[in-house]
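Here is what Swiss-Prot says about this protein:
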- ASN10, GLU385: Mg(2+) binding site (BINDING)
- LYS17, HIS208, LEU209, GLY210, ASN211, GLY212, ASP283, CYS284, ARG285, GLY331, ILE332, GLY333, GLU334, ASN335: ATP binding site (BINDING)
- ARG91: substrate binding site (BINDING)
- ASP148: active site, proton donor/acceptor (ACT_SITE)
- HIS180: site 'Transition state stabilizer' (SITE)
- ARG241: site 'Transition state stabilizer' (SITE)
Amino acid sequence: MSNKLVLVLNCGSSSLKFAVIDAQTGDDQISGLAECFGLEDSRIKWKINGEKQEAALGAFTAHREAVEFIVNKILAGQPELAAQIQAVGHRIVHGGEKFTRSVIIDDSVIKGIEDCASLAPLHNPAHLIGIRAAMASFPKLPQVAVFDTAFHQSMPDRAYVYALPYKLYREHGIRRYGMHGTSHLFVSREAAKMLNKPLAETNVICAHLGNGASVTAVKGGKSVDTSMGLTPLEGLVMGTRCGDIDPSIIYHLVHQLGYTLEEVNNLMNKQSGLLGISELTNDCRGIEEGYADGHKGATLALEIFCYRLAKYIASYTVPLGRLDAVVFTGGIGENSDLIREKVLNLLEIFNFHVDSERNKAARFGKKGIITQDNSTVAMVIPTNEEWVIAEDSIKLINKE
């Protein structure tokens, strides 16, 4: 029987991640990254059956040319595999309130994604370019949109409405939306399996920690609160994003220090977070190296990162009422035993006790419980957003 394969596309502003995923197993048959769009050294790297390959895309390549390369060069060299692709699944960062679940893409869906572009100006326009490129290259395959925000549409209004004049929400949609929903969905499901509990009876707090980072309270398989807001800027300290700050800082920077609003936006999104505090790097590995060497900026950045994360985790016990586990995922969450241990030590009041050997073992793609047997459970689960996108794509096309 042929496999149920899906080509998954994740279009950034100047890059395109892609994978051919088996929707039944989550295994990637092909995976790769095209990057540096718009520059002379645009390149594409991919892996088939563990074999890594790389090629130049040519000067000033963009999404359409990258998709054409995937079709005409990579997939053309794997005709049996290409023939099993049943759909193209697209990761879409922001679906606003228009999209509460994954959908098959048609003209109305494209219009809806366009309408949400103001909420994700760096991401949604790039997703639309990727969708149109995929439609041109795969005119006979169904295209599916999977939204990062959809999982969080189950939040109650007390969690997503800001304490601003209500008409700003009613008339302009200004509210908390949250991100990383596909990742939080996947790891919360996997956590229930590891706990040997029905998903509907499982309460977990998921920490997706990468250059972007967010925490979500998941009650019975549904998001009930999350740290990112209208945009990905709110919440935790991140690689280059400031997370939560006093909003009046913006007024102070503009009116007292002479910043423009564009400069403030750039400062808070690209110059803050771990990079801004440490004055060293946004890469957590570099921060940990600096911490080990006694670098004051790196040490402070690490301490603030862990402290803010622990406070969020503690606060999310409120909407859950009962906590079954804390789940770490994402590049930092999956690989930094140091950060996991620091965060859980700050949460000792909740009876977290780290098992050092288990914690060190749960790295580099290995999942596992990292706490002692008599402790509240904390675990590491590598995320697999592409698998969720592939699963949703197959489910949707089978309903048609």
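Every residue gets a Cβ built from N, Cα and C, even glycine.
Bear in mind that the values here come from a model prediction, so they are computed numbers and not experimental data.
Structure with Swiss-Prot features highlighted.
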residue : record                             : DSSP class
ASN10   : Mg(2+) binding site                : strand
LYS17   : ATP binding site                   : strand
ARG91   : substrate binding site             : strand
ASP148  : active site, proton donor/acceptor : coil
LEU209  : ATP binding site                   : strand
ASP283  : ATP binding site                   : coil
ILE332  : ATP binding site                   : helix
GLU385  : Mg(2+) binding site                : helix
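The 10 Å shell around the Cβ of ARG285 (ATP binding site) contains 12 further Cβ atoms across the protein chains shown. Among the recorded positions ASN10, ASP148, HIS180, GLU385, the residue whose Cα lies closest in space to that of LYS17 (ATP binding site) is ASN10.
Comparing the binding-site residues ASN10, ASN211 on other C-beta atoms within 10 angstroms of each C-beta gives the minimum for ASN211. The two recorded residues ASN10 (Mg(2+) binding site) and ARG91 (substrate binding site) have their Cα atoms spaced 5 Å from each other. Checking the recorded positions (LEU209, ASN211, ARG241, GLU334) against GLU385 (Mg(2+) binding site) with a 10 Å Cα-Cα cut-off leaves nothing. Cβ neighbour count for ASP283 (ATP binding site) (all protein chains, 10 Å cutoff from its Cβ): 16.
The Cβ of ARG241 (site 'Transition state stabilizer') has GLY212, PRO232, LEU233, MET268, ASN269, SER272, GLY273 as same-chain neighbours under 8 Å, each 6 or more residues away in sequence. Across the structure, HIS180 (site 'Transition state stabilizer') and LEU209 (ATP binding site) place their CA atoms 10 angstrom apart. When the binding-site residues ASN211, ASP283, ARG285 are ranked by how far their Cα is from the Cα of ASP148 (active site, proton donor/acceptor), ASN211 comes first. Taking the C-alpha positions, the distance from ILE332 (ATP binding site) to ARG91 (substrate binding site) comes to 21 Å. Same-chain residues at least 6 positions away in sequence with a Cβ under 8 Å from that of the residue listed as 'substrate binding site' are, in sequence order, VAL8, LEU9, ASN10, CYS11, HIS127, VAL146, ASP148, THR182, GLU385, ILE389. Non-local neighbourhood of LEU209 (ATP binding site): LEU236, LEU309, PHE328, THR329, GLY330, GLY331, ILE332, GLY333, SER336, ILE339, each in the same chain, at least six residues away, with C-beta under 8 Å from its C-beta. Cβ environment of GLU334 (ATP binding site): PHE328, ALA362, ARG363, PHE364, GLY365, VAL380, ILE381, PRO382, THR383 lie under 8 Å away, each six or more residues apart in the same chain.
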